[in-house]
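If you check TrEMBL, you get these features:
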REGION    1-21  region 'Disordered'
DOMAIN    18-304  domain 'Deacetylase sirtuin-type'
BINDING   120, 121, 122, 123, 249, 250, 251, 293  NAD(+) binding site
ACT_SITE  138  active site, proton acceptor
BINDING   146, 149, 208, 211  Zn(2+) binding site
């Protein structure tokens, strides 16, 4: 993965001329009409209007350093830091609602223009918007799994338990914020917030109710982790059956999403994208709209799903 302060090499590419062509949306609509049931791959860009930020800026530079899989597994203290931050951030993250982009995708699915959705997001907003067929490539923050015994529970249930086991923690954090300590009100893509070390140290780490271990983890693929093989194969099968592929709001910076674009390109099916800034898959795009998702998808709904 590129350094957090360094833009990846593909971010400096000059976008193909077609991406700045105002008729790109019309061409996108034409390709979709010719390929009903197009597979959709979505990234963080579709959820930013719901208040969930992207990991990267428009130039591909990483804005925040996300939790790494190895880091999470390495020590109880790292897990304490994650869960303390997540405990505070979840109250805002869980209130996020689908935006017009999610609703547009669902409308285009109902109209038969789009088929299944493969999302790199872990927020559940496609399902909340009514999308009927969604594969969560990187898992979901709504579930928690024990790495020791594989027991599972709902994230909301764990939130309630952490609140009981950490009485007064929210007030302590608010006090830290009022004192000018480094407490961020900005939710991060992982659903957590930045807390000072003294707040983290005061947090009681949750334990598994089945085995008693402290290796509870959100059921997501952290950076550096591996997507379950059966999930990858299911997404490959969707790609192989699709008449075309549409990428929405993803820079394709990580291989977990880029591999489906490359597979679609090898099949010779149209690959399209609507996203801000360059992506790692630009060389494979037959149509690319460089711009905001919501108005572009709204135009598609008015023309293709009316």
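Here, residue 1 is simply the first one shown, and the rest follow in order.
Glycine is treated like the rest: Cβ placed from N, Cα and C.
Unlike curated records, TrEMBL annotations are generated automatically.
It should be emphasised that the depicted structure is a prediction, and the values quoted were computed from it without experimental measurement.
When the alpha carbons of residue 249 (NAD(+) binding site) and residue 149 (Zn(2+) binding site) are compared, the span between them is 36 angstrom. Residue 208 (Zn(2+) binding site) is 22 Å away from residue 122 (NAD(+) binding site) when you measure Cα to Cα.
Of the candidate recorded positions, 138, 146, 149, 208, 211, the one lying closest to residue 251 (NAD(+) binding site) when CA atoms are compared is 138. A simple Cβ count within 10 Å picks out one of the binding-site residues 120, 121, 250, 251 as the most packed, and that one is 251. Every protein chain considered, the tally of other Cβ atoms within 10 Å of the Cβ of residue 211 (Zn(2+) binding site) stands at 13.
Across the structure, residue 123 (NAD(+) binding site) and residue 211 (Zn(2+) binding site) are spaced 28 Å apart at their Cα atoms. A straight line from the CA of residue 250 (NAD(+) binding site) to the CA of residue 138 (active site, proton acceptor) spans 14 Å.
For residue 208 (Zn(2+) binding site) paired with residue 121 (NAD(+) binding site), the C-alpha to C-alpha distance reads 26 Å. For residue 120 (NAD(+) binding site), the recorded positions whose C-alpha atoms fall inside a 10 Å radius of its own C-alpha are 138, out of 138, 146, 149, 211.
Here the recorded positions are 138, 293, and the one whose Cβ sees the fewest other Cβ atoms within 10 Å is 138. Across the residues annotated as binding NAD(+) (120, 121, 122, 123, 249, 250, 251, 293), the two Cα atoms farthest apart lie 19 Å from each other.
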